Amino acid sequence: MSQQYQTPGTPRIISPTPTPTESHRDSYFAPITRSATAKRHNSPSPISEDPESDSPSSDSSLEKRARSRSRSPKTQAKRQKEAAASKASQLTKKPPDGAVSEANGHLSPSSATSTDSSYWRSISRSPSPLGLIPIHRHWRSFVHRHEIPRKALHVSIGFFTLHLYTRGTSAASIHPWLLGALIPIASADYARHTFPAFNRFYIRVLGALMRESEVDGYNGVIWYLLGAWTVLRFYPKDVGVMSVLLLSWCDTAASTFGRLWGRYTPRLRREKSLAGSTAAAVVGAITAVVFWGWAVPTYGRGDEGFMFKGQLGLPKAVKDAIGLKEAQGVVGGWVALGIVSLCSGLIASASEVVDLFGWDDNVTIPVLSGLGLWGFFKVFG
């Protein structure tokens, strides 16, 4: 009975011209009339928020999923901070034609070859910008970053000075040679700023010993010779020799350790950190022990006119004020050497930090170190 009166299925009404939507339907939901079809054609289609929904290879199941997070580990706060820092570090520079252009904050070899090379001196003295000297581009780590050839020459002057002392060479016979070398080197440096062809040849030959900030300025060798000549010419022999040794070894130690660990220590002034100053003080104390504790007793002579003769004492006015006798208030031996070594390290560190009228530190370090040692020995020697 149920099979005889079974309800027939609802017939499907198909329009004469089926729409693309109808042709792609996989299953039947409801009858579609011509009026409904016209209404679909007249109504605008919704805009998809998924940019990948229009792709023919997109999957409906994947579109329903939430979009994955960016693979970059940086958060939005870090991105905003870095964007603000990069915007603040953008530099402006005036080209030769008078137009003002903005730089992107990066040091590039192409921009470093600008005719206005003095612009780079306002950024940094050490390390200097890359691109002005060809050998610095080819040996970036060995020559540009660590300055191995320059530091080797810097340190070797100290060993050469100590070798001359052990041979009994007097300071009066050395400073004329320094002055004789200073004149032609300074003249050559002046000539390279006058003749561009000679400047290119000069940089090609001696570029490994130069900083790129010295391209538009005078070579550091000139100031090195001037500082060494000054202390050996006007200071007593032990003070002059010690000043050259402090220049040679303490300055190199301060530069090396300052670049390695200066970022982790407080900054004393521009380009000077506590790490570099501490290294200069330690090396200065060791240098004083080597010179006055080993070189002078082994190779020195009694008629050299040294300011430090193995003893330190309080000034007479201080003794009278505190009621000490003439023989009291005097120390000698290793105690006096330890005090002198400690003071030498502090003096070397202070002279390395001080900025004296913007002069080159190859002049200020030996002159100020010698002046500090001379004053110390004048009071306590």
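Backbone N, Cα and C define each Cβ position, glycine as well.
Taken from TrEMBL, the feature compositional bias 'Low complexity' applies to 7-16, 43-60, 108-120. Marked as compositional bias 'Basic residues' by TrEMBL: 66-78. The region 'Disordered' annotation in TrEMBL covers 1-120. Residues annotated as transmembrane segment in TrEMBL: 241-262, 274-295, 363-380.
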The transmembrane segment (241-262): which same-chain residues, six or more beyond its ends, come within Cβ distance under 8 Å?
-> 126-127, 146-147, 151, 154-159, 161-162, 165, 171, 224, 227-228, 231-232, 235, 271-280, 282-284, 287-288, 291-292, 344, 347-349, 351-352, 361-362, 365-367, 369-370, 373
Are there residues at least 6 beyond the ends of the transmembrane segment (274-295) whose Cβ is under 8 Å from a Cβ of it, and what are they?
-> 162, 165-166, 238, 241-242, 245-246, 249-251, 253-258, 260-262, 264-268, 308, 337, 340-342, 344-349, 352-353
